[in-house]
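Take a look at the structure set out below.
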Amino acid sequence: MDKEEQIRLYNLTDYYVGLGLALFSSGFIGASFIIKKKALVQISLGNGRRAAHGGYGYLKNWLWWFGLSLMAFGEIFNFAAYAFAPASMVTPLGAISVIVAAILSSKYLNEQLNLLAKIGCFMCIIGSTVIVIHSPKEEEVDNLEDLLQKLTEPSFIVYTSIMLLIIASIFFYFGPLYGSSNVIVYVIMCSTSGSLTVMWCKGLGLAIRETISGQSEFTNWLTYMFIVLLITFVSIQMNYLNKALDTFNTIVVTPVYYVTFTTLVITASAILFKEWEHLQINDIIGIICGFLITVTAIFMLNTFRDVDMSRSNFAWRTRQPILRKTTIEEIAQTSSLIKNNAQYGSRDV
């Protein structure tokens, strides 16, 4: 076996390790959404100030801390997945957390999961599978020196500046004015800070991985910068995610958050790590199609969440207009006969 073949097998092993970690991460994170929402509902029914209004009563609730612990485990697995596999593969697998959240919300939060929502869950699995099959299998950054060079490229500096401008505008203006009435405000805040969080997470994961392999990166200032940035942006992300969950329905927050977050992470990853440079055109098309399938499925989960629709209901409702149309036609025909008879009778007289 030549050196090139060994490197390829090594990259594939890392890729599948990252895939497994990403799947475990989605399961934990999906469950944490429901548990934290359950805790926030309990607080809203009590006398505590709600998170949406600036309250922090959830910090005294053990159920919220349990949900946060599950999310922490999920984020640890997610963090490790980014160290092994490309971000453009790991992030879209967050769709699995949407499925977990949808199923658990129907059971524990009494949020409806109808026939179309179940089809949406199935489509999420199909879309995620397509993305995994076509995603890049190799990394474009091998050490922190390469990463630092990419961080200082004009394209990523422009992207980061735009994200920071959005975060500042929501924090100072749009959040206080429109956050409680429009779900997209809090979700955009979570997604913009989250897209940068993934980049810092990827960098810190690379530093830890290099350290484990024998080349210590904890003497490098860049590692500590990643730690500070990661803590800062995770705090912003979690704070506004709590506000979104407390204000809006879980089945609304989860899909919108997934779409915006995934789109921004794929964009940031393409700019910084250039993971798409060596992909063939069929793989690029496959990833785009898989993502669109997943997005469509998630909006099916959201759009039809309040529609009372089951297989028996659907069959009844598709037949009903036909029966009603037939009845109306019969009435019209009967009315016409009566009218004609009346006119005919009056002429006879």
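Just so you know, glycine gets a Cβ as well, placed from its N, Cα and C.
Model, not experiment: these values are computed from the prediction.
Annotated transmembrane segment per TrEMBL: 15-35 (among others), in sequence order.
Taken from TrEMBL, the feature transmembrane segment applies to 56-73 (among others).
Sequence annotations record features per position, and here TrEMBL assigns transmembrane segment to 79-103 (among others). When Cβ-Cβ distances below 8 Å are used as the criterion, the transmembrane segment (79-103) is approached by residues 14-15, 17-19, 21-23, 25-27, 29-31, 33-34, 113, 117, 120-121, 124-125, 127-128, 131-132, 135-139, 198-199, 201-202, 204-206, 208-209, 250-251, 254-255, 258, 261-262, 265-266, 268-270, 273, 275-276, 287, 290-291, 294, 297-298, 301 of the same chain, each at least six residues removed from its ends.
Long-range contacts of the transmembrane segment (115-136) within its own chain (CB-CB distance under 8 A, at least 6 residues past either end) are made by residues 19, 86, 88-89, 92-93, 95-96, 98-99, 102-103, 275-276, 278-279, 282-284, 286-287, 289-301, 304-305, 307, 309-311, 314. Summarising the annotation, TrEMBL assigns transmembrane segment to 115-136 (among others).
Taken from TrEMBL, the feature transmembrane segment applies to 156-176 (among others).
Nonlocal intrachain contacts for the transmembrane segment (183-201), taken as residues 6+ away from its ends with a CB within less than 8 angstroms of a stretch CB, comprise 78-79, 82, 87, 91, 160, 163, 166-167, 170-171, 174-175, 226, 229-230, 233-234, 236-237, 240-241, 243-244, 247-248, 252-253, 256-257, 260-261, 263-265, 267-269, 272. Here TrEMBL flags 183-201 (among others) as transmembrane segment.
The transmembrane segment feature in TrEMBL is assigned to 221-241 (among others). Away from its own ends, the transmembrane segment (221-241) comes close to residues 75, 144, 147-148, 167, 175, 186, 189-190, 193-194, 196-197, 200-201, 203-204, 207, 253, 257 of its chain (Cβ-Cβ under 8 Å, at least six residues beyond either end).
Positions annotated as transmembrane segment by TrEMBL: 248-272 (among others).
Among the features that TrEMBL reports, transmembrane segment is placed at 284-304 (among others).
The list of residues near the transmembrane segment (248-272) in space but at least 6 beyond its ends in sequence, with Cβ under 8 angstroms from a Cβ of it, reads 33-34, 37, 86-88, 91-92, 94-95, 97-98, 101-102, 105, 109, 111, 150-151, 153, 155-156, 159, 163, 183-184, 186-188, 190-192, 194-196, 198-199, 241, 291, 295, 298-299, 301-302, 305.
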